[in-house]
Ligand SMILES: Nc1nc2c(ncn2[C@@H]2O[C@H](COP(=O)(O)OP(=O)(O)OP(=O)(O)O)[C@@H](O)[C@H]2O)c(=O)[nH]1
Ligand SMILES: [Zn+2]
């Protein structure tokens, strides 16, 4: 589905537009490299990440499951430069409907590897878990630094954006939400 040739042409044009010479030795292979890189960092566009949750197994654990510090590399859709951070995913299984822990990281990755907004990414992860696993509740917290705020524009390196999506029981039950949040934010 990726048009690698078109990406190569576009990169060549950008190099020309910034006054570079795409024919100089160091840049000769750059358009092809960037095309391959885009194919990799936008690979989430080619999948439905929620499919990672299709395979479940049965384990009677109707308590919190929390996977913390899932590394996150995404691309700001406004500037096409990275935002980098961590996702924390917490859910309470219903009827023993449990997913493999790695699948939660695959889910995060699938939604991250697209042109994204942090808010949408956070929501998509939570909604996929609600839809596919039908758990009692979900909390997703994403913490990230946006390079579009660090290396350009307002230039505030170190500023972190934190977003959350709260679903099901966690929305109604203040104590459960507070417990999840304290486990998530505890370093
Ligand atoms: N809400 C939200 N905003 C984002 C995200 N990523 C980048 N942005 C912001 O998107 C905005 C785009 O603003 P514009 O005014 O259209 O673009 P700009 O002139 O490049 O803005 P500056 O970054 O302020 O220089 C900026 O404020 C970014 O900080 C995100 O994931 N969520
Ligand atoms: Zn940006």
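Numbering starts at 1 and runs along the chain as it is shown here.
Glycine residues also receive a Cβ, built from the backbone N, Cα and C atoms like all the rest.
Under the heading domain 'GTP cyclohydrolase I', TrEMBL lists 7-184. The average pLDDT for the domain 'GTP cyclohydrolase I' (7-184) in the predicted structure is 97.
For residue 148 (Zn(2+) binding site), applying a Cβ distance below 8 Å and a minimum sequence separation of six or more within one chain yields 76, 78, 79, 81, 83. Secondary structure at residue 148 (Zn(2+) binding site), as computed by DSSP, is helix. According to TrEMBL, the Zn(2+) binding site annotation covers 76, 79, 148.
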Problem set entry | CB contacts for residue 76 (Zn(2+) binding site) [other CB atoms within 10 A, all chains] | 18
Seminar exercise, completed: Once DSSP output is merged into helix, strand and coil, residue 76 (Zn(2+) binding site) belongs to strand
Seminar exercise, completed: Counting across all protein chains, other CB atoms within 10 angstroms of the CB of residue 79 (Zn(2+) binding site) number 16
